Every structure is written in C-alpha cells, then in structure tokens.
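Listed in TrEMBL for this protein:
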type: DOMAIN; residues: 292-364; note: domain 'DUF1736'
type: REPEAT; residues: 436-469; note: repeat 'TPR'
type: REPEAT; residues: 470-503; note: repeat 'TPR'
type: REPEAT; residues: 538-571; note: repeat 'TPR'
type: REPEAT; residues: 640-673; note: repeat 'TPR'
type: TRANSMEM; residues: 111-131; note: transmembrane segment
type: TRANSMEM; residues: 168-188; note: transmembrane segment
type: TRANSMEM; residues: 200-217; note: transmembrane segment
type: TRANSMEM; residues: 223-246; note: transmembrane segment
type: TRANSMEM; residues: 267-286; note: transmembrane segment
type: TRANSMEM; residues: 353-374; note: transmembrane segment
type: TRANSMEM; residues: 381-401; note: transmembrane segment
type: TRANSMEM; residues: 413-431; note: transmembrane segment
Amino acid sequence: MAELEADLEHVIPSSVPPFWAKLVVGLVSLVCFARSYDGEFVFDDSEAIVNNKDLRAETPLGDLWHHDFWGSRLSSNTSHKSYRPLTVLTFRINYYLSGGFHPVSFHVVNILLHAGISVLMVDVFSVLFGGLQYTSKGRRLNLAPRSSLLAALLFAVHPVHTECVAGVVGRADLLGALFFLLSFLGYCRAFRESNKEGTHSTFWVLLSILLGAVAMLCKEQGITVLGLNAVFDILVIGKLNVLEIVQKVLHKDKSLEYIGVLRNGGLLFRMTLLAVGGAGVLYVRWKIMGTGPPPFTEVDNPASFADSVVVRAINYNYYYSLNAWLLLCPWWLCFDWSMGCIPLIKSAGDWRVIALAALWFCLIGLICQALCSADSHRRRILTLGLGFLVIPFLPASNLFFRVGFVVAERVLYLPSAGYCMLLTLGCGALGKHTQRKVHYNVGKNLADNGNQTAAIRYYREAVRLNPKYVHAMNNLGNILKERNELQEAEELLSLAVQIQPDFAAAWMNLGIVQNSLKRFEAAEHSYRTAIRHRRKYPDCYYNLGRLYADLNRHVDALNAWRNATVLKPEHSLAWNNMIILLDNTGNLAQAEAVGREALELIPNDHSLMFSLANVLGKSQKYKESEALFLKAIKAHPNTASYHGNLAVLYHRWGHLDLAKKHYEISLQLDPTAPGTKENYGLLRRKLEQMQKKDV
C-alpha cells in the first residue's frame, strides 16, 4: 500500500488530513452538479413524481408499502414491480416541505445526497485501499490518504452520474448508494473493538444486514452490499489467498489450513449470517412483489426476447461492454438507451463483436492480475475493485431476470466506485513509469406541452427507428385521432395491437377511432378486447357506453357507464352521461336518483349540478333546480349553456325578468346559440304583449 501511495505522489503531492479531504471532495461534487438545481421535472419525473398520487397528503402513508415506484399497486398486472417505498417517502416529504411540486427543492436534495455519498466514499476507499486497522482507542486508521482522496474525487466528478443527480428519479440510486455505503462501513465497525484477531461484533454484522435491507427499499441493487461485505470479509479479515486455495483443491492437498481459518476466526458464522439475512430479505421482497416478474416488452429490452440463447448472450455481453465504455469514456451520455437505440447483434460478422472481445480481454487480464500478482496488496485492491464494479451491477445484468432497459447510466452509480478504484490503481502504475436521439420521450414531452406538430415528427421517427415500438404508435395514433386523421390513426393502432395483443390502451384507442369511422361492430370488439386484458378499465367502459348510446342500446349504455362509476366513483363523464340519457328517454325519477348519487360522491362537480338541475326543472322542482343552477354558475360563470338553461327554468317558472337577464348573459357569452336565441325571441314577444295589455 505504501508503494501505491508513493506512486500517486506526482498526482497528490502531500497527504491531506481526512477532514480536509472530505471537505474538498464535498465541495468539488457540489460545484460539478450545482447547476442542475434549477432544472424542471423531465421524462420519468412526470410519472414518478408529478402524476404519482402517493406524494399527496390525501394518500395514506400505508399505501406506499403496497405501491410500486410509480404509484401503481404491486398486485396490478401492469405494475413495474419497482418497490422503493423509502425513496417515494422522501419525495413525499419534499412535496410537503416545499408546499407543492417545486422542482428546485427536489434537485437540491439530490445534489446534497451526491455530495454526502462522495464524502462517505473517502472512508470507504480508505478501507478498500489501505485495509482495516484500528488504534487502541477504536479509531480507524486511514493508511491510504492519497489513493482514497483521488478515487473519491474521481467518483465525485464522474459524468456518468449526471442522470442520477440531475434527474429527480435518480434519488432512488442515490439513497440506495447511501445506505449501501453505510452498510459496508457498519460491517467494518464489527471488527473495531476486537482485541483478538478474527473476532467480531455480531450486533454490527446484523445492523449491516438491516442497512442493506433499507438500501434495497430505496433501490433494488442495494441488497448487493451483502455480497461485497462477504468478499471484503474473506479477503481483508480472513486474509484468504483465493489462488492458493484453488491450487490446493486442484492438487488434492490435504493440508487445507484455510478450513481452520473459517472455523476458528468466525468467518463461516458471518457468511452464514449474511447468506441467511440476504435470503430472508429477498424472500420478503419477492412475496411483496407478488411473486411475479414485471411485464416488460420487447421494445424495453430486445435482446432478452431473442429466440437464440447465443444471440442473447452476445448482446448481453455487448451491453456490458457499452457500460464499461461509459465508465471509461463518458463522451456521449443519454438518459434512455432502449427503444431501438442499440440494434441487436445477429451475426458473428457484426463488427461490434470486437467490443465483446476487448471487454473480456481486459477483464481476464485484470482477473489474472487479481489472482496471480506477487504483490498481496495489489491482489486485494484489484479483487475488491472488481467486486465493487461487478457485484452492484449484477441485478442489471439480465443474468438472473429480465430487466426493463438496454443500457441505463443510473445503474452505474455504485459500480463506478469500483471503476474509480481500478483507475486510481492505474494512475499509480502510470506514475511509476513517468449518441442516437431518444425520439419517443422528446415527442411525449412536446405533446404534453401542446406542440402536437413537433410531437408527430418525433413519434414518426421513433417508429421508423423501431418498427415494433407500440407505445410510440399508440401516442401517435392518439394525436392523429384528435386531428381527425382517422384512417392513419386506425392503421397505427391496429399495428400496435397486432404486435402486442395485450396492449389494452391501444385497443381502447382503436375502438374510439373505429367508433368515429362508424365501424361500430369493430369498435365494440376493440373495447371488449381492451377490457379482457385490463378488467378494471373505467375509461374503456365509458367509451363502450358512448358506443351503445350511439346505437340506441340504452340499457347496455347505462350498464357500461355504471361499471365505469363502480370502478372509478369520481368518473364525472360517466355519471353525466347516465343522467342525460335517462333525462332524454323520459326517466326523470331515475335520472334524479342517479344525479343525487353522483353529487354525493363528487359534491363540487359543476357539470353534475347542471345536469341534475335540468332534470329537477322538468320535474317542476323549481326552487331546488334554481339553487343548483346558481351554484354551477358560481363555479363557472362564463358557461353560456348554464345561463341559457337557467333562463329556460325562470321562463317556465314565470320569473320573466330573471329569464330575460340570463338569456341576455347567455347570448353575450355565445351569440350563435340557436336554442337560446329562439327562446329569447319568444320571451320578448310575450313581454311586448304583456306591455300592450297593460297600456
């Protein structure tokens, strides 16, 4: 270790005291990422934060433990299964303390978290580089001040962290990393007060496991800290020489002294605790998740859907090489590498296979050095560096389960610490000798901001680059539907459901387009298919009811709208349509009952007040009808129909002056309203006749 410190003297001329090292690292990390404080909520932020009901005060805190990261119930077949309740809790606290969705406060917390993690990295790297030694008073010695400072600085400024720090949803990775490091440092403290080599504090081991579980509740990869703790224990505490053990096993050497180390030093007991604790935490996590994997699609991770095992393996390894390149040379960064950004390698003749060879050439070289180097410190640093690089990355590797992305820079936040270790070691050795665009998300952002023309252009490009991108087809079809370009909308949505037959939203949108094209049987089939794939789909029941109403199938329409309100009691449009249909068919008593039921559930909905007021007026309940009209007008004073229908009520009731007043207000708001103009003309003639009689 002293040799590496000397090798780094040309980089860091003098040893920096721990306090000042941490201060420098913290300030540098703040300077690098402080500019992101005034960013907006972008891309995934809108779904995980702005549209996430779990952040609102009206959502019980207990729901956080039953919902995924995006606010959906984990039991739902559409859930992403990302279980990060502690991260969502911090979003909720952010929302409460800042008084709403003010992105500055969310960004500031992310920046501070990264600074705090970078500071903790000084301690972590000092252990990984310098080993674990304590004074007689239990104070840990930093035997690698230069290397720990350099590695922490590299970590603090690495550009690959941009997505985690500048994107608010990166909070999950930051919190997971924070508790990951605390778990590791807690595990190190298990050996702080040991008078005898090899003994430990079981309390700190158990606390480390608990902190690992907390890390997993922030981001799934947090649980991998238990694997890193095990590797650290074997190499640093147990001082086991892996190569020597392998050689003895291969040569059937009966003098396996290392077995004694396992038994006498307590290493086997600690490994058992870590294994049992990790297995228990993973089992609980699996049960909470509903024991089923998330429903990812081919556009999320094309390689995982390849039929050939060889093609899958080649492409997975190519993804690993891309991740390695992002750590080595983060020249082009992107917040989303899926959706066809990286075409599949389908033959050995693809030149990108060279990247796989280069990756494994480097990895095998590092592994050989980690096993065979004559320098025990070098072996330990290389092994720990590779461990920190690989172990936290395993959940994102597609080896154990399919993941919902191709390459994601956010999952490199923790592995980058291992890379910084290896780079620092490389700097010491050197001193001894002298991007595709993500069109879908841009299009969605433009559409959300009302720029449909530009959104169409980006969605078309997304579909061109990935002809199986069903979500882009669905969104583009929706925009075309709103612009009355129905033929193309139908073609796109039909193709989307052909590619992904269980895409319920696309089936519903296809039904809406077919209904507009008067293709009623096809529309009904599309709506029914959507409901078959998503049983609890109130909006689809609402649209199905509209179809039945167009076909004069009134009972079916009422049943469909009733299903919509059962699934979503606040579905105002479904309630309104029921009231209006019953009113138009002369069922005034039933219409009144439905209207009162709706207003009990949604007491401040002015459109429901208006519809019920119309029914009460026809039933000659003038006083109650007037009160509801006035309440609706108070909520929306500039709605012409509210004033026009109140005028009709007064006209029928005999309050002619009030009727005249509201007819005139209605015509000022909408001079072209034909019914109102006719009624106003009738009222004026009646008033003129009354004046003549008086004369």
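Note: Cβ is positioned from N, Cα and C throughout, glycine not excepted.
Stretch with the largest number of CB pairs closer than 8 A to the transmembrane segment (381-401), among 111-131, 267-286, 353-374, 413-431: 413-431. Applying DSSP to the repeat 'TPR' (538-571) sorts its residues as follows: 27 helix, 0 strand, 7 coil. Remote same-chain residues near the repeat 'TPR' (436-469) are listed as 42-43, 46, 298-299, 334-336, 339-341, 475-476, 479-480, 482-483, 492, 499 (criterion: CB distance under 8 Å, separation of at least six residues from the stretch ends). Each residue in the repeat 'TPR' (436-469) gets a DSSP state, and the totals come to 24 helix, 0 strand, 10 coil.
Counting same-chain residues at least six beyond the ends of the transmembrane segment (413-431), those with a Cβ under 8 angstroms from any Cβ of the stretch are 3-4, 7-11, 121, 124-125, 128-129, 147, 150-152, 154-155, 158, 160-161, 164, 170, 173-174, 176-177, 180, 221, 224, 323, 327-328, 366, 378, 381-382, 384-390, 392-393. Per-residue pLDDT, averaged across the repeat 'TPR' (538-571), gives 94. Residue counts of the repeat 'TPR' (640-673) by helix, strand and coil are 28 helix, 0 strand, 6 coil (DSSP-based).
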